[in-house]
Amino acid sequence: MSSPTMDLLRSEPMQLAQLIIPMESAHRTISYLGDLGLFQFKDLNTEKSPFQRTYAAQIKRCGEMARKLRFLKDQMTKAGFSPSSRCSFDTRVTLDELEVKLGELEEELIEVNANSDKLQRSHNELLEYKLVLQKAGEFFHSAQSIAAAQNHEFEANVMGEVSIDSPLLLEQEMSVDPSKQVKLGFVSGLVAREKSMAFERILFRATRGNVFLKQVAVEDPVIDPLSGDKIEKNVFVIFYSGERARMKVTKICDAFGANRYPFTDDIAKQYQTISEVSGKLSELKTTIDVGQLQRSNLLRTISFEFEQWNLLVKKEKSIYHILNMLSFDVTKKCLVGEGWCPISATDQIKNTLQQASLDSNSLVGAIFQVLQTEESPPTHFRTNKFTSAFQEIVDAYGVAKYQEANPGVFTIVTFPFLFAVMFGDWGHGLCLFLATLYFILREKKLSHQKLGDIMEMAFGGRYVIMMMALFSIYTGLIYNEFFSVPFELFGRSAYDCRDSSCRDASTVGLIKVRGTYPFGVDPKWHGTRSELPFLNSLKMKMSILLGIAQMNLGIVLSYFNAKFFGNDINIWYQFVPQIIFLNSLFGYLSLLIIVKWCSGSQADLYHVMIYMFLSPTADLGDNQLFFGQKYLQILLLLFALVAVPWMLFPKPLLLKKQHQERHRGQAYRPLYSTEDSFELEIQSDLHGHEEFEFSEVFVHQFIHTIEFVLGAVSNTASYLRLWALSLAHSELSSVFYDKVLLLAWGFNNVIILIIGIIVFICATVGVLLLMETLSAFLHALRLHWVEFQSKFYEGDGYKFYPFSFASLSEDEE
Amino acid sequence: MYGFEALTFNIHSGYLEAIVRGHRSGLLTAADYNNLCQCETLDDIKMHLSATEYGPYLQNEPSPLHTTTIVEKCTLKLVDEYKHMLSQATEPLSTFLQYITYGHMIDNVVLIVTGTLHERDVHELLEKCHPLGMFDSIATLAVAQNMRELYRLVLVDTPLAPYFSECITSEDLDDMNIEIMRNTLYKAYLEDFYDFCQKLGGATAEIMSDLLAFEADRRAVNITINSIGTELTRDDRRKLYSNFGLLYPYGHEELAVCEDIDQVRGVMEKYPPYQTIFAKLSYGESQMLDKAFYEEEVKRLCLAFEQQFHYGVFFAYMRLREQEIRNLMWVSECVAQNQKSRVHDSVVFIF
């Protein structure tokens with residue numbers, strides 16, 4: 001496949017194509033196109049609601065199958081099976097077969113579940129019953145023994161002397177005629193523990209206190225037969241008297257979901273029932289186990305094929321969605337689809353169409369034809385795993401207009417570079433590199449895993465981080481920073497003390513003994529009094545040079561854009577004055593910086609720049625860097641002044657003229673034949689939308705001009721953040737090094753040293769490696785989005801989303 | 001307090017206000033209703049709703065659908081949202097949110113009591129209750145034989161207890177009594193809610209007093225119309241009107257003596273805000289009155305969203321969602337019973 005040479009600077013050339021597909025091969029054709037993944041369908045039925053479309057029934061079918069699959073998956077996860085990814089046998093199932101199969105499986109599962117639920121419920125009921133029998137039995141037993149003891153005592157009392165304590169009426173009480181004794185009824189059962197208080201309260205209220213309630217907590221949670229949940233429960237026995245009370249009690253029991261169980265106070269019968277219940281329980285247990293085994297076998301077989309079925313259903317559903325976007329042709333025998341595809345993919349698509357009609361034994365092949373359109377095509381960049389992250393950075397600001405120059409190309413280098421200018425430390429760079437190396441080496445494994453939110457982000461941007469790390473190693477070497485420790489890597493320092501004692505090193509200074517340090521900043525600068533003034537001046541000037549260079553690149557790209565789209569007005573009345581304006585002021589400043597560096601002059605550049613505006617004709621005096629500087633400055637100032645109206649006025653006026661000419665042409669035109677006039681109507685329809693409002697265009701241009709003129713100043717100042725962040729970074733790292741590590745070292749104590757090292761590592765990782773990386777990243781992002789891209793980038797395009805099965809499986813949660 | 005909500009409102013309630021406004025933007029629009037009205041079967045409705053916020057609630061329903069399932073699932077969504085908001089709310093918003101549900105509680109109490117009176121199964125009745133108006137011991141209501149028992153057994157534990165002070169009688173429960181009880185409770189509830197909102201002050205009081213006054217007036221009209229031709233005396237009728245609202249007190253005096261719908265109309269037309277409602281109806285007609293009132297209510301509820309920093313939006317959202325569910329129920333019923341011509345009779349468009 002031949003790829004265009006500049007495929008990342010300009011987005012892929014696209015075309016609007018029409019597909020005419022015979023009904024009988026439509027499904028297969030769309031399926032093949034989905035495998036290919038290079039065609040973005042347009043919805044031709046926007047006015048129809050989803051259920052009015054042709055294939056609504058099929059989509060409903062797929063939805064139903066997806067629901068069944070979800071049900072199966074739910075059952076599988078409950079039973080602890082995970083759908084195995086290994087598709088053991090690649091049997092081709094058709095949708096119809098699958099539908100039948102899924103229906104059967106669902107029915108079978110539901111039946112099995114219902115059976116096991118029923119069994120489980122009776123099992124749980126029996127369990128509860130057993131509990132009631134045990135607990136209530138205990139209670140009755142103890143109550144009876146207490147009563148017996150009392151009786152005994154009473155009898156003893158009767159035998160002996162009547163003590164003063166014994167109630168006087170006791171005798172009467174105990175010797176009531178048994179026939180008059182009220183027969184107390186009782187109800188026993190289980191109630192959820194959290195409800196037990198309310199239960200007791202309501203019982204009390206409803207019967208005005210004429211009940212006796214005894215509750216015993218069951219230690220282990222009990223499975224509720226109705227809901228199947230594990231709940232903590234209490235066994236209760238309620239004694240009441242009278243029929244009405246019984247009605248009330250049973251009603252309240254029902255209302256509280258308390259399960260009642262029959263119970264006898266006859267001990268012999270109790271034992272009998274307990275043994276009966278235990279027997280039933282063990283019987284049920286075996287039945288349930290057999291059922292569970294059968295169920296898990298069923299689920300296991302499902303789990304082997306689940307993924308395959310799931311994918312099939314998803315594919316089918318997406319195919320029908322696409323089919324719904326197509327419209328019928330007049331004869332109702334063909335489907336007509338429209339959509340975008342890359343021009344380079346034309347052959348592939350045609351081959352696919354042919355293949356599809358061959359495979360479906362269709363008499364007529366599908367027709368592919370290119371349509372002419374005024375619509376703006378989608379933007380498609382062919383990215384790989386390295387460039388995609390950088391393209392994401394640009395896309396986050398705005399997707400490029402169709403075929404507009406893509407800043408993503410330059411971002412690959414400039415973004416990590418600007419980051420590194422702020423993050424210059426080759427020790428930190430190395431740490432970052434090792435971290436990202438881990439991601440890159442384990443790429444294959446990690447890309448299939450589910451990572452956390454933040455990890456996912458770091459993993460997605462691994463190549464960006466790698467580039468950032470490499471560049472910061474480079475700038476770190478230039479700054480000569482390694483955790484703020486200077487190294488003499490590239491030879492010996494050029495400076496040395498005046499004498500061996502080095503007493504006056506910090507007062508008088510050092511002398512130069514060797515040639516200039518070959519690469520980067522001389523290590524001797526570190527820790528001197530003049531370190532900051534020297535580095536600040538260096539980094540500030542460097543930031544301005546980098547900024548001017550990048551902004552010029554932006555303006556030059558606007559030239560390439562204008563040339564590509566054949567827009568001469570933009571070249572002559574926007575690009576030219578802009579580049580003149582920027583360079584006559586700040587380009588000149590850059591020139592002065594370079595001249596000052598090369599000549600070693602002492603000139604004050606602030607003074608030069610400020611008086612260039614305030615009194616351009618005044619003599620420069622000491623600040624003169626080269627001959628004729630004064631006249632050059634006056635000339636440049638004039639250029640800059642001219643450039644502003646040049647930007648402002650001609651463009652809107654010329655646009656107005658162009659518009660008027662176009663319309664004059666329309667006012668007088670020869671009459672066409674009917675067919676032509678039809679075409680013309682379409683054309684005029686398309687033109688009719690662009691109404692020309694001069695004031696609007698002028699205001700727009702006015703804003704644009706002001707923005708550019710002011711932006712030239714503020715954007716240049718904005719690039720000073722490169723210096724500021726780099727200063728902050730080096731100062732922070734030197735603080736951690738001096739005030740933590742060296743301080744701890746000074747105590748000559750192992751424990752303090754260990755603590756110091758731990759604090760140092762935490763501070764380095766937390767503050768310098770994570771927070772500083774983030775802040776430098778964001779500042780670099782801003783410099784790209786605002787300062788660089790505002791010079792040329794429109795970013796009002798939309799992305800190309802082809803219909804593809806590959807993206808289908810990615811979508812899955 | 002008034003005018004300074006903007007300063008402090010967001011500290012506690014900003015998140016929830018954002019949430020509720022987000023929910024509100026998920027309400028079905030006129031375009032959705034138009035599409036829904038064109039549905040042929042309940043499956044079509046499900047398919048259409050699956051593209052809306054109801055999607056996740058309906059997607060696992062097996063295919064032969066019933067209207068009740070749709071309504072149940074839609075209500076479930078509302079309840080989930082309500083529960084989420086309630087769990088996030090701090091005082092006094094949480095109390096405010098709870099107040100919203102008391103109306104449903106009253107309805108549920110009445111439903112269960114009436115049901116037991118006609119000897120229905122309690123569990124069957126419980127399924128019909130609105131989930132927002134559930135409370136712990138609701139099932140026990142079936143035990144009660146008269147008002148006093150009802151109060152003493154069950155309702156004393158619920159927030160409704162204070163509202164009961166006016167209707168504790170030892171009379172046995174019958175349909176008439178229950179209906180009077182419902183209205184007395186509702187009256188006490190509305191007045192309490194009104195007082196609570198007034199206590200909150202600020203924009204909440206302003207907006208809620210308008211919404212609640214409308215509610216009170218609507219109830220007054222409904223009570224009047226429903227009690228025409230019953231044995232309810234004028235004084236009793238007068239007692240059921242809430243003591244606030246636009247009609248209070250002179251309108252109430254006049255409504256209390258009305259004998260037919262046209263007299264009600266005469267009374268109401270004296271009040272400009274209600275003039276428009278009655279202007280839509282022809283003389284002697286009361287069928288469409290409900291819809292007209294609902295439409296007016298929806299309009300007012302939507303207006304509540306125009307202002308920020310007040311609790312009225314929560315009330316308005318809950319009410320709008322309930323209206324939407326009523327609409328869905330109506331549409332689904334019409335579709336299920338093949339009465340598509342009547343779809344527009346009762347659907348109140350929200351936007």
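Glycine is treated like the rest: Cβ placed from N, Cα and C.
Given the structure is predicted, the values throughout are model-derived calculations rather than measurements.
Here the coiled coil (A:95-122) has long-range neighbours at 61-62, 65, 68-69, 71-72, 75, 225-226, 228, 284, 287-288, 291-292, 294-295, 298-299, 302, 309, 312-313, 316, meaning same-chain residues at least 6 beyond its ends whose C-beta is under 8 angstroms from one of its own. The coiled coil annotation in TrEMBL covers A:95-122.
Sequence annotations record features per position, and here TrEMBL assigns transmembrane segment to A:417-441 (among others). Remote same-chain partners of the transmembrane segment (A:417-441), defined as residues 6 or more beyond its termini with a Cβ less than 8 Å from a stretch Cβ, comprise 458-459, 462-463, 465-466, 468-479, 481-485, 542-543, 546, 550, 721-722, 725-726, 729-730, 733, 764-765, 768-769, 772-773, 776-777, 779-780, 783-784.
What TrEMBL records for A:462-479 (among others) is transmembrane segment. Tertiary proximity for the transmembrane segment (A:462-479) is limited to same-chain residues at least six positions away from its ends with a CB under 8 Å from its CB atoms, namely 385-386, 389-390, 393, 412-413, 415-417, 419-421, 423-430, 432-433, 435-437, 439-440, 443, 489, 519-521, 535, 726, 730, 773, 777.
Here TrEMBL flags A:542-560 (among others) as transmembrane segment. Long-range contacts of the transmembrane segment (A:542-560) within its own chain (CB-CB distance under 8 A, at least 6 residues past either end) are made by residues 405, 407, 410, 414, 418, 421, 570-571, 574-575, 578-579, 582-583, 586-587, 589-590, 593-594, 712, 715-716, 718-723, 783, 787-792.
What TrEMBL records for A:572-595 (among others) is transmembrane segment.
Annotation comment: TrEMBL describes A:631-649 (among others) as transmembrane segment. Nonlocal intrachain contacts for the transmembrane segment (A:631-649), taken as residues 6+ away from its ends with a CB within less than 8 angstroms of a stretch CB, comprise 573-574, 576-578, 580-581, 584-585, 588, 612-613, 616-617, 701-702, 704-705, 708-709.
Per TrEMBL, transmembrane segment is recorded for A:750-771 (among others). Sequence-distant neighbours of the transmembrane segment (A:750-771) (same chain, 6+ residues past either end, Cβ-Cβ under 8 Å): 425, 428, 431-432, 483, 729, 732-733, 736-737, 740-741, 743-744.
Away from its own ends, the transmembrane segment (A:572-595) comes close to residues 541, 544-545, 548-549, 551-552, 555-556, 558-559, 562, 601, 603, 605, 608-609, 625-626, 632-633, 636-637, 639-640, 642-644, 646-647, 650-651, 654, 708-709, 712, 716, 791 of its chain (Cβ-Cβ under 8 Å, at least six residues beyond either end). Each residue in the coiled coil (A:95-122) has a pLDDT score, and their mean in this model is 85.
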